[in-house]
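To start, the structure itself, in structure tokens.
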Amino acid sequence: MNSEAPENEESLSHILPENHSTTESKQDKLPIDSKQYENQPKAQNRILKELKLLSILTFFAIIGVLARKGIVVLTTYDGVYVGGIIWANFTSCIIMGMLIQSNKAWTGRGPKASQPLYTGLTTGFCGTFSSFSSLILESFVKSANISIGKNYNYPNGAYGIMEFASVIITQMSVSIAGLHFGKHLIKQYDPILPYYKVLETSIVILGILSWIAVICLISIKNWRSWIFACIVSPIACWTRYYASKYLNPKIKSFPMGTFFVNIFSTFIMAILNLLNRGKLPNGSGRIVNSVLSCHMIQGLEDGYCGTLSTVSTFVVELYTIKSPKSYRYGFISIIVAFIMMLLILGSYNWTNGLTNPLCS
């Protein structure tokens, strides 16, 4: 949280593509007939640019969700001190810090927030690599003592409050530290990006091919949850980008787009987790009895909910918005999301109970 950051949209527009807006061009001031003629190629160029951006976001969304799932698997094991989604959030914030502080790579190409490749790296990769809904789910699982395959003996139920606080404090502190570390790191080495157009075009092509590839691989049973996550991840990434682009400027000190996607993804995450872990009301079995259904639900949790929500952008906004409004934004986002998880997953756990996922 930065008390020195300017409290206006301009500060965010320079570093976050979702907040970037272009000024009115000279063509917009032409007479109506002339403007209609001039805007035909302009509209076509705008459509092509949007399609190119969507393809770039697709590529980085797939890479991001694979990186997140991979690092969560690598850092989750018996005896781990701190593991799971915290490593993905920390790493994504380091990369985000490097990107928002970088300058040489984007020199001579206009504002970096308007560059498709920059948007792909920040909104696409970093936004997907981190996950706000997974953070909230982890805080609830710890506070309610319903970890998969583990059951701890807390002295009493009130200790769940301490677990919630410990998860939130640790996660947010580490993520904010990661952002600052990335900003400091890029100051030591801010490289020039060679062959920018070639790289951008290659990623556009790879975005299309990679999405087609994962769709064709859906029949592979052992990797179905990973592949399904890759299929739905680009859709969630597009949703987050456009929601933030059109809603964030509404209230300068409270990015409504990021808030909406974080809360909505937490809502969906709670429902999906309930379906995957919930017991039937009569206690005769579980809600989901099919491994295929379990894989699809896990794919939606990781691919859609995990991608739709973001910690890296959330942390940048907290850093950029002037205090105390940044604290208000952060506090409301976390509390509303946790209450959402508590009402949906918590109420079902206390009335019917939860069990381990069928495909855990």
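Backbone N, Cα and C define each Cβ position, glycine as well.
Listed in TrEMBL:
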- 1-10: compositional bias 'Acidic residues' (COMPBIAS)
- 21-36: compositional bias 'Basic and acidic residues' (COMPBIAS)
- 1-36: region 'Disordered' (REGION)
- 53-74: transmembrane segment (TRANSMEM)
- 80-100: transmembrane segment (TRANSMEM)
- 121-141: transmembrane segment (TRANSMEM)
- 161-182: transmembrane segment (TRANSMEM)
- 203-220: transmembrane segment (TRANSMEM)
- 226-243: transmembrane segment (TRANSMEM)
- 255-275: transmembrane segment (TRANSMEM)
- 327-348: transmembrane segment (TRANSMEM)
Tertiary contacts of the transmembrane segment (161-182) (same chain, 6+ residues out, Cβ under 8 Å): 1, 82, 85-86, 89-99, 101, 130, 135, 138-140, 142-143, 145, 154, 311-312, 315-316, 318-319, 330, 334, 338
Interface check, the transmembrane segment (203-220) with the transmembrane segment (53-74), three or more C-beta pairs under 8 A: yes
Ranked first among 53-74, 255-275, 327-348 for CB pairs under 8 angstroms with the transmembrane segment (121-141): 53-74
Recorded stretch, among 53-74, 255-275, 327-348, maximising Cβ pairs under 8 Å relative to the transmembrane segment (226-243): 53-74
Remote residues contacting the transmembrane segment (255-275) - C-beta distance under 8 A, at least 6 residues beyond either end: 12, 18-19, 132-134, 136-137, 236, 239-240, 243-248, 287-288, 297, 300-301, 304-306, 308-310, 313-314, 317, 329, 332-333, 336-337, 340-341, 344-345, 348, 354
Within-chain partners of the transmembrane segment (53-74) [C-beta distance under 8 Å, separation at least 6 from its ends]: 84-85, 87-88, 91-92, 116-117, 119-121, 123-131, 200, 203-208, 210-211, 214, 226, 229-230, 233-234, 236-238, 241, 302-303, 306-307
